[in-house]
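Chemist: Pasting in a structure now, in structure tokens, and then I'll have a few things to ask.
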Amino acid sequence: MTSDSATRRPVGYGTLVAVWAALLLLTAATVFVTRLDLGGYKVAAALAIASLKGGLVIAFFMHMRYEGWLLRGLLFLALATLALFIGITFFDVLYR
Amino acid sequence: MKQAERTRPAALGGFWGDTGKTGIGAWLLSTDHKRIGLLYFWSVLGFFLGGVVLGLVLRLELMAPGRTIMGPQAYNALFTVHGVVMIFLFIIPGIPGAFGNLIMPIQIGARDVAFPRLNLLSWWLYAAGAAIILLSLVTGGGPPDTGWTFYLPFSGRTATNVSLAVFGVFIVGFSSILTGINFVTTIHRLRAEGMSWGRLPLFVWSLYATAWVQILATPILGITLVLIIAERVLGVGLFDPGRGGDPLMYQHLFWIYSHPAVYIMVLPAMGVVSEIIPVFARKPIFGYKMIAFSSLAIAAAGSLVWGHHMFTSGMSDTAVLVFSFLTFIVAIPSAIKVFNWVSTLYRGSISLDPPMLFALSFILLFSIGGLAGLILGAAATDVHVHDTYFVVGHFHYVMFGGAGFAFFAAMHYWLPKFYGRMYARRPAVIAWALMFVGFNILYFTMKVLGMRGMPRRYYDYLPEFAGLNLASTIGSWILALGLAVMLVNLFRGLWKGEPVTGANPWGGATLEWTVPTPPPTENFAEEPVVTHGPYDFRGKGTP
Amino acid sequence: MSHAPHRDYAGAKLGMWLFLFTEMLLFGGLFILYAVYLHRYPGEFAAAGHRLDLVLGTANTVILLTSSLLAAMAVTAVQRGEGRIAVLALGGAVLCAGGFLAIKYAEWSVKFSHGIYPGSPSLVAGPPGESVFFGLYYLTTGLHGLHVLIGGVLLAVVALRVKGGRIHAGDHIWLENGALYWHLVDLVWIFIFPLYYLML
């Protein structure tokens with residue numbers, strides 16, 4: 001494993017502020033998109049933008065962009081597990 | 001013949017003596033994984049015995065049709081508490097908390113776990129949760145009567161003390177999560193030089209897989225328990241059909257944890273068996289990689305099959321099909337383990353010492369239970385045996401005959417190393433024989449009863465079931481006798497038995513057998529360098 | 001003990017991420033319920049969501065995103081040895097937490113005064129889908145609010161330790177892990193916001 005990472009290069013303030021600005025823009029986008037009449041796709045659109053925002057927070061604020069494959073893989077494992085829990089439940093709910 | 005020394009184990013040194021603290025604080029405030037492991041061991045064993053007593057009383061009531069010694073309300077409460085105690089206070093924490101803590105850090109060549117203070121906290125949370133559960137038995141409306149599954153809507157309406165009991169379970173769940181986090185981090189970060197993943201003892205592999213289930217599944221239990229309390233206290237109505245809710249959603253949430261929970265119970269047990277079989281067959285384990293892989297596969301696949309507890313609940317046919325199919329998939333890695341253990345025995349030099357007897361029993365009893373699991377996993381047959389004694393027989397075979405017997409195997413295998421004294425062999429074998437016979441009478445009859453239609457969780461039964469119920473109860477007495485003999489013999493041995501000479505009484509090849517008996521607090525004088533696999537027995541004859 | 005206490009920065013961070021996974025799964029259970037009930041009551045969820053205050057919800061979203069920025073900046077500041085900036089940033093994040101909770105309190109108060117609370121007569125009498133929506137709304141935002149409170153306290157403690165010099169460039173795992181916890185709180189809200197406030 002990597003040695004003590006206390007000396008890892010810090011994420012610059014400029015980068016952080018840029019990410020924050022992007023997040024605000026995406027928030028506005030979410031509000032805008034959900035005012036449109038998209039029917040069933042509204043949920044998908046909102047979740048897609050939310051996932052994008054979440055991805056930015058994880059990658060830059062939580063430093064995942066600078067972490068190794070282990071941590072990323074484990075995060076994927078956790079999220080995949082939740083997705084499977086929801087998805088397999090829908091085998092019941094969708095077909096009653 | 002040396003005089004039976006009445007010295008306490010502290011006289012044997014190691015981690016027993018060399019701590020700065022004195023008295024009870026040396027145990028309750030210690031961050032040494034070995035002391036925490038023993039704290040867990042004694043607590044879970046105590047609760048196991050409590051659960052056994054409850055079970056024996058249950059069997060007394062069921063000895064004959066009609067009322068025998070108690071009324072129906074007491075009966076409902078009794079099987080609920082029996083389940084809650086056995087599942088949450090014995091089997092789930094048992095092997096990881098006691099033996100995982102005692103053994104795993106030494107097996108990977110580490111001084112302790114990654115987060116020793118969190119480790120102590122996890123035991124304290126266990127103790128606090130247990131205390132709260134015990135409190136719920138004697139306060140408010142009395143012990144819960146919902147079954148350990150706490151199904152809504154009934155658990156939302158019963159006057160018994162569900163909220164407190166469920167809160168206690170929530171706290172214990174937190175303990176389980178912390179253990180999982182600690183073990184994953186420890187195994188990733190603290191392996192000694194040369195201890196590659198491919199040289200990890202299979203017990204460690206099983207604890208690793210288990211820890212992932214503890215991390216990912218237990219939170220779902222957490223939220224489910226919160227939802228029960230929300231229902232009782234706030235009347236939220238999320239699972240109340242009259243309020244737009246779906247009672248099946250409670251069942252989904254509950255079993256999303258509680259099915260993987262059985263793998264938290266059985267995977268470490270399988271790990272224990274994988275340790276013991278090679279040592280007592282003097283032969284490297286057959287198919288190391290497949291057994292390691294199968295632990296991960298069971299954890300993964302086993303997390304997706306929860307709906308097989310709900311085949312008759314009103315789920316869609318599609319879901320029934322999907323869950324049945326997935327359930328059959330998870331049988332495959334389990335079978336791989338059984339096949340590999342038996343292959344290890346083939347042409348081995350087998351010694352039937354007590355750890356081996358219990359480990360071999362595991363294989364047989366777990367297989368019987370597992371085969372019943374296939375009958376339950378096939379939706380068409382499940383319809384006939386769901387909620388009958390067939391299920392009760394099935395899960396006692398795998399949880400008791402499986403995980404329970406593996407716990408006993410681990411006791412006989414490892415505790416002499418930590419107490420520095422050996423128990424007598426013959427009484428242990430006699431105890432095992434009594435337990436084996438009693439166990440099968442007690443639980444095989446249940447399978448037959450279930451097939452014949454006797455429902456579970458019913459206070460009474462039809463007269464035609466009386467004969468087998470009586471036999472089952474008699475089996476419980478034989479089993480209890482065997483348990484008593486086992487424990488008395490074991491503890492007398494650990495306290496006053498022959499001192500264990502040398503580090504390696506069984507001739508094992510894993511790292512815990514290279515440190516002194518009992519191990520010092522630091523485990524290793526200097527960090528070991530691992531140069532061979534965990535089942536390489538060359539040059540490790542029994543002293 | 002004869003050796004120096006064991007320090008493993010990467011291990012501590014791994015442990016924290018594992019704990020965050022448990023939080024994701026904890027809230028995940030509530031999201032499972034939301035998904036299922038949204039599928040069952042699409043119209044009623046939309047109607048019920050209409051009764052939530054979009055302005056306040058958006059404001060809370062902006063507040064949390066800003067607090068996340070501040071927490072991340074605090075980490076950078078400490079890594080660069082700029083302790084004062086870090087304390088200010090953390091203080092700002094704690095203020096944001098307070099602001100969030102204040103708005104949440106206001107929202108809930110208004111709802112309560114309109115007779116919308118778990119088990120309320122108007123919910124019991126109304127469309128079942130709305131009752132379910134609000135049940136989930138209160139549970140989810142309540143659990144989230146609890147985490148905002150815990151996270152805020154945690155950041156305040158960390159801020160004090162930065163001020164006192166016990167957290168610094170050479171040893172700041174508590175700050176990083178505290179910030180990670182805070183970001184998770186933000187992350188959960190990023191999903192709560194559209195699902196509850198924007199589904200109309």
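Cβ coordinates are placed from backbone N, Cα and C, and glycine is handled just like the others.
The domain 'Cytochrome oxidase subunit I profile' annotation in TrEMBL covers B:27-531. Under the heading transmembrane segment, TrEMBL lists B:38-58, B:78-103, B:123-142, B:162-184, B:205-230, B:250-273, B:285-306, B:318-336, B:357-380, B:395-415, B:427-446, B:466-488.
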Chemist: For the transmembrane segment (B:78-103) and the transmembrane segment (B:395-415), decide whether they are in contact, meaning at least 3 CB pairs lie under 8 A, counting pairs 6 or more apart in sequence.
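Modeler: Touching, yes - the transmembrane segment (B:78-103) and the transmembrane segment (B:395-415) meet the threshold of 3 or more Cβ pairs under 8 Å.
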Chemist: Given pairs 6 or more apart, does the transmembrane segment (B:285-306) have at least three Cβ pairs under 8 Å with the transmembrane segment (B:205-230)?
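Modeler: As far as Cβ distances go (cut-off 8 Å, pairs 6 or more apart), the transmembrane segment (B:285-306) and the transmembrane segment (B:205-230) touch.
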Chemist: Out of B:250-273, B:357-380, B:395-415, which stretch has the largest tally of CB pairs under 8 angstroms to the transmembrane segment (B:427-446)?
Modeler: B:395-415
Chemist: What parts of the chain pack near the transmembrane segment (B:395-415), using Cβ distances under 8 Å and only residues at least 6 beyond its ends?
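Modeler: Same-chain residues near the transmembrane segment (B:395-415) but 6 or more away: 48, 86, 91, 94-95, 98-99, 102-103, 262, 265-266, 268-270, 272-273, 275-276, 353-356, 358-359, 361-362, 364-366, 368-370, 372-373, 423, 428, 435, 439, 442-443, 446, 486, 490, 494, 506, 512.
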Chemist: Counting only residues 6+ away from its ends, which parts of the chain sit with a Cβ under 8 Å from the transmembrane segment (B:466-488)?
Modeler: 52, 55-56, 59-60, 62-65, 408, 427-428, 430-443, 445-446, 448-449
Chemist: In the same chain, which residue numbers or ranges, 6 or more beyond the ends of the transmembrane segment (B:357-380), come under 8 angstroms Cβ to Cβ?
Modeler: 266, 269-270, 272-273, 276-277, 280, 305, 308, 311, 320-321, 324, 327-328, 331, 334-335, 338, 341-342, 386, 390-391, 393-402, 405-406, 408-409, 412, 429, 432, 436, 439, 444, 447
